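Engineer: Dumping what Swiss-Prot says about this protein:
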DOMAIN    17-50  domain 'LRRNT'
CARBOHYD  Asn51  N-linked glycosylation site
CARBOHYD  Asn181  N-linked glycosylation site
CARBOHYD  Asn243  N-linked glycosylation site
CARBOHYD  Asn298  N-linked glycosylation site
CARBOHYD  Asn312  N-linked glycosylation site
CARBOHYD  Asn385  N-linked glycosylation site
CARBOHYD  Asn498  N-linked glycosylation site
REPEAT    171-193  repeat 'LRR 5'
REPEAT    219-240  repeat 'LRR 7'
REPEAT    267-288  repeat 'LRR 9'
REPEAT    291-312  repeat 'LRR 10'
TOPO_DOM  544-567  topological domain 'Cytoplasmic'
TRANSMEM  523-543  transmembrane segment
Amino acid sequence: MLRSVLLSAVLSLVGAQPFPCPKTCKCVVRDAVQCSGGSVAHIAELGLPTNLTHILLFRMDRGVLQSHSFSGMTVLQRLMLSDSHISAIDPGTFNDLVKLKTLRLTRNKISHLPRAILDKMVLLEQLFLDHNALRDLDQNLFQKLLNLRDLCLNQNQLSFLPANLFSSLGKLKVLDLSRNNLTHLPQGLLGAQIKLEKLLLYSNRLMSLDSGLLANLGALTELRLERNHLRSIAPGAFDSLGNLSTLTLSGNLLESLPPALFLHVSWLTRLTLFENPLEELPEVLFGEMAGLRELWLNGTHLRTLPAAAFRNLSGLQTLGLTRNPLLSALPPGMFHGLTELRVLAVHTNALEELPEDALRGLGRLRQVSLRHNRLRALPRTLFRNLSSLVTVQLEHNQLKTLPGDVFAALPQLTRVLLGHNPWLCDCGLWPFLQWLRHHLELLGRDEPPQCNGPESRASLTFWELLQGDQWCPSSRGLPPDPPTENALKAPDPTQRPNSSQSWAWVQLVARGESPDNRFYWNLYILLLIAQATIAGFIVFAMIKIGQLFRTLIREELLFEAMGKSSN
């Protein structure tokens with residue numbers, strides 16, 4: 001018994017001794033080797049021991065992988081042969097690799113695989129064939145790989161897949177078919193993948209997603225279909241994907257979507273639909289998706305949207321409706337229910353106006369971008385009760401004026417971008433400028449807003465305007481410039497008229513009428529006549545009083561003279 005134990009110990013020590021490492025290799029770990037350079041066709045000449053468990057070969061010269069390259073390596077578990085310009089593989093090359101669990105043949109020039117090349121590797125769990133030149137695959141190529149979990153076939157030239165190609169891969173969890181030339185996926189192709197969690201099909205040429213294709217993928221959590229040629233998606237195509245968390249459909253040719261398409265994917269946390277020529281959305285498209293945090297609908301042909309389009313997306317934090325050149329109107333209440341929304345991007349569209357309640361209920365909103373639209377005015381209460389709002393972008397619109405209190409109730413506001421608008425710097429804008437005078441730090445200095453009119457102030461920035469003299473005083477006179485179309489809008493009835501203006505005069509001007517001044521001229525003439533009459537009366541009275549005084553003085557002198565003569 002003791003002799004057996006000692007013999008085993010000696011044998012293990014002998015096995016632990018490092019083998020002679022080839023010159024072009026590194027052998028820093030026992031049972032593992034890393035080699036570069038040399039020729040693919042002469043791997044056997046490296047003299048690698050047969051008891052290795054890990055082999056990494058890379059950057060080798062172009063050639064054919066020989067059938068005896070790995071002879072006798074029955075304990076090998078990881079074989080990585082990448083970036084080596086392998087042009088072909090001889091049949092039987094991997095026949096001795098019965099314990100192999102990972103085979104990586106990434107970034108080579110392989111265009112064809114022999115039918116039974118993988119049959120002996122029944123324990124294989126990971127197979128990487130990406131970044132090669134594969135054009136087709138034999139339908140029985142993966143038949144013996146019952147334990148395969150990860151299969152990467154991306155970045156090849158595959159245009160067709162046999163219907164039963166993956167029929168034996170019941171344990172598969174990751175399947176990457178991205179960046180190929182696939183135009184169609186046959187029915188039944190994914191019928192056995194009940195444990196599949198990640199399916200990557202992006203950057204192909206798929207034209208449709210047929211009904212039933214994904215029916216057995218109940219464990220799927222990630223499905224990527226972006227950058228294909230999809231023109232249609234079958235109704236209910238995603239109904240069985242109850243665990244799906246990521247779905248990307250951006251960069252396709254979708255002009256419409258079936259009603260209720262996303263009704264049953266309630267666990268989605270990421271959904272992309274941008275860069276599709278969508279012309280409309282169905283009234284009901286989304287189900288309850290409390291976990292969806294981000295949604296982008298930019299680059300479409302949408303003209304408007306259903307009022308309740310986003311009503312079920314209560315957990316949404318970022319919503320992007322940008323670069324839609326035909327989007328000219330938003331329905332009232334469109335964003336109602338998005339109580340968690342932080343970022344709202346509605347820029348680079350064709351919006352000319354916004355509903356008064358467009359942002360109502362978005363108490364957590366921090367950033368709103370409305371730049372690059374055609375907005376001519378903003379509702380006075382648009383930003384009311386948005387106590388968390390930090391940034392407002394309004395540059396590149398057609399705004400001429402803003403209500404004086406449009407940003408008044410935003411305690412967290414730190415940035416307002418107003419550049420590239422045709423601002424009309426008359427008295428109609430003065431209330432807003434008065435507010436802005438106390439909040440100049442909000443304006444961006446890179447592209448400051450400039451006056452487009454009137455002519456006397458054209459090209460002046462708001463900074464320059466506010467640093468000059470008070471050109472629209474509130475205590476005297478009428479505006480120094482003739483009233484313009486913008487200034488002739490009727491004042492808000494809830495506001496009291498400015499003390500420097502007659503309310504009747506403001507109403508006449510608001511109606512475009514010239515005030516009748518004849519009454520004032522008549523009154524002025526009457527006042528002059530009255531003044532002249534009073535002045536004449538005073539002069540006449542003064543003359544009479546002077547004559548009276550002279551008479552009294554004369555009589556007094558006569559009385560004194562008579563008294564003296566009697567004595």
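Positions of Cβ are set from backbone N, Cα and C atoms, glycine also.
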Engineer: Going by Cα-Cα distance, pick out whichever of the glycosylation sites Asn298, Asn312, Asn385 is nearest to Asn181 (N-linked glycosylation site).
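Structural biologist: Minimum Cα distance from Asn181 (N-linked glycosylation site) across Asn298, Asn312, Asn385 lands on Asn298.
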Engineer: C-alpha of Asn312 (N-linked glycosylation site) to C-alpha of Asn298 (N-linked glycosylation site): distance in Å?
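Structural biologist: The Cα atom of Asn312 (N-linked glycosylation site) is 20 Å away from the Cα atom of Asn298 (N-linked glycosylation site).
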Engineer: Just to confirm: which same-chain residues, 6+ apart in sequence, have a Cβ under 8 Å from the Cβ of Asn243 (N-linked glycosylation site)?
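Structural biologist: Non-local contacts for Asn243 (N-linked glycosylation site): Gly218, Ala219, Leu220, Thr221, Trp267.
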Engineer: Whole-number Å distance between the CA of Asn51 (N-linked glycosylation site) and the CA of Asn385 (N-linked glycosylation site)?
Structural biologist: 72
Engineer: Using a 10 Å radius around each Cβ and all protein chains in view, which of these glycosylation sites has the most neighbours: Asn51, Asn298?
Structural biologist: Asn298
Engineer: Please count the residues of the repeat 'LRR 7' (219-240) that DSSP assigns to helix (H, G, I), strand (E, B) and coil.
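Structural biologist: For the repeat 'LRR 7' (219-240), the helix, strand and coil counts are 0 helix, 5 strand, 17 coil.
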Engineer: In the structure shown, with every protein chain counted, which of the glycosylation sites Asn181, Asn312, Asn385 has the densest set of Cβ atoms within 10 angstroms of its Cβ?
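Structural biologist: That would be Asn312, with the highest Cβ count within 10 Å.
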Engineer: Please classify the secondary structure at Asn243 (N-linked glycosylation site) using three-state DSSP.
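Structural biologist: In three-state terms, Asn243 (N-linked glycosylation site) counts as coil.
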Engineer: In the repeat 'LRR 10' (291-312), how many residues does DSSP put in helix, strand and coil?
Structural biologist: 0 helix, 3 strand, 19 coil
Engineer: Report, in whole Å, the straight Cα-to-Cα distance of Asn298 (N-linked glycosylation site) from Asn385 (N-linked glycosylation site).
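Structural biologist: Approximately 27 Å lies between the Cα of Asn385 (N-linked glycosylation site) and that of Asn298 (N-linked glycosylation site).
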Engineer: Please work out the helix, strand and coil residue numbers for the domain 'LRRNT' (17-50) from the DSSP assignment.
Structural biologist: 7 helix, 8 strand, 19 coil
Engineer: Can you work out the mean pLDDT of the predicted model over the repeat 'LRR 5' (171-193)?
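Structural biologist: A mean pLDDT of 98 is what the predicted model shows over the repeat 'LRR 5' (171-193).
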Engineer: For the repeat 'LRR 5' (171-193), what are the DSSP-based totals of helix, strand and coil residues?
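Structural biologist: For that range the per-state counts are 0 helix, 3 strand, 20 coil.
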